[in-house]
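One structure below.
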Amino acid sequence: MVAFAGNLNNDFEITWGDGRANIINNGELLTLSLDKASGSGFQSKNEYLFGKIDMQVKLVAGNSAGTVTAYYLSSKGSTWDEIDFEFLGNLSGDPYILHTNVFSQGKGNREQQFYLWFDPTADFHTYSITWNPQRIIFSVDGTPIREFKNSESIGVPFPKNQPMRIYSSLWNADNWATRGGLVKTDWTQAPFTASYRNFNAEACIWSSGASSCASASTSSASSSWLSQELDTTGQERLTWVQKNYMIYNYCTDTKRFPQGFPPECRTN
């Protein structure tokens, strides 16, 4: 069991962007930028198999239409697992859309989208993924916004065998990101910048085919996330978010699923 925070140089490496991504302030701050030539991205040095992952992010301010800031966990291969936060930019004054998805064994199409109850460009906010064998919980500033439960008992694969890295990127997606691609990126506003700080992971690190949790004595105190579920307060907050801020849920999209909703919709 490993818990750490601090110098982002210890945990992440810049993977693309030709100098558009930087770790600065003695490792306290990571910035990604996007201009007409290229976006940028980074990934974690470690792979994880279950954990509670927190990152504070401040999104592109002003007219961010056409841009996407993606922050996600993913494994490799054709039957990959993935747990997604994607932030879809918008015109100045219009709200960001927080897009979430879960892939298991290469199958996704499990989108839920939300507005946020604050301006995510004005300050840093904490975006968290709690991933254990029973469920995945997406949270914003400690408030759960989505829960994806393990539904293997009804034949739905669940991400539990493939270690995942953390990835993040800032890129141009104006062919679909804002109003279905109607609003294009305004390059006169470039460069666009997103900032990251205060990464924290209480997680099982996967290395050389073994988990760091397998050998450690995982006391309930140190690994509460490993069996975490939503308590009554958490359920109430989840319901509040989904009632007031959810703008799309695949589990209610009858046009998309005329033959009936996917089986996990019964438990999620």
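The backbone N, Cα and C atoms fix where each Cβ goes, glycine too.
Under the heading active site, nucleophile, TrEMBL lists Glu82. All chains included, 18 other C-beta atoms sit within 10 angstroms of the C-beta of Glu82 (active site, nucleophile).
Sequence-distant neighbours of Glu86 (active site, proton donor) (same chain, six or more apart, CB under 8 Å from its CB) are Val68, Thr69, Ala70, Tyr71, Tyr72, Leu98, His99, Thr100, Asn101, listed in sequence order. The active site, proton donor annotation in TrEMBL covers Glu86.
Marked as domain 'GH16' by TrEMBL: 2-196.
The Cβ of Asn90 (N-linked glycosylation site) has 20 neighbouring Cβ atoms from other residues within 10 Å, across all protein chains displayed. Taken from TrEMBL, the feature N-linked glycosylation site applies to Asn90.
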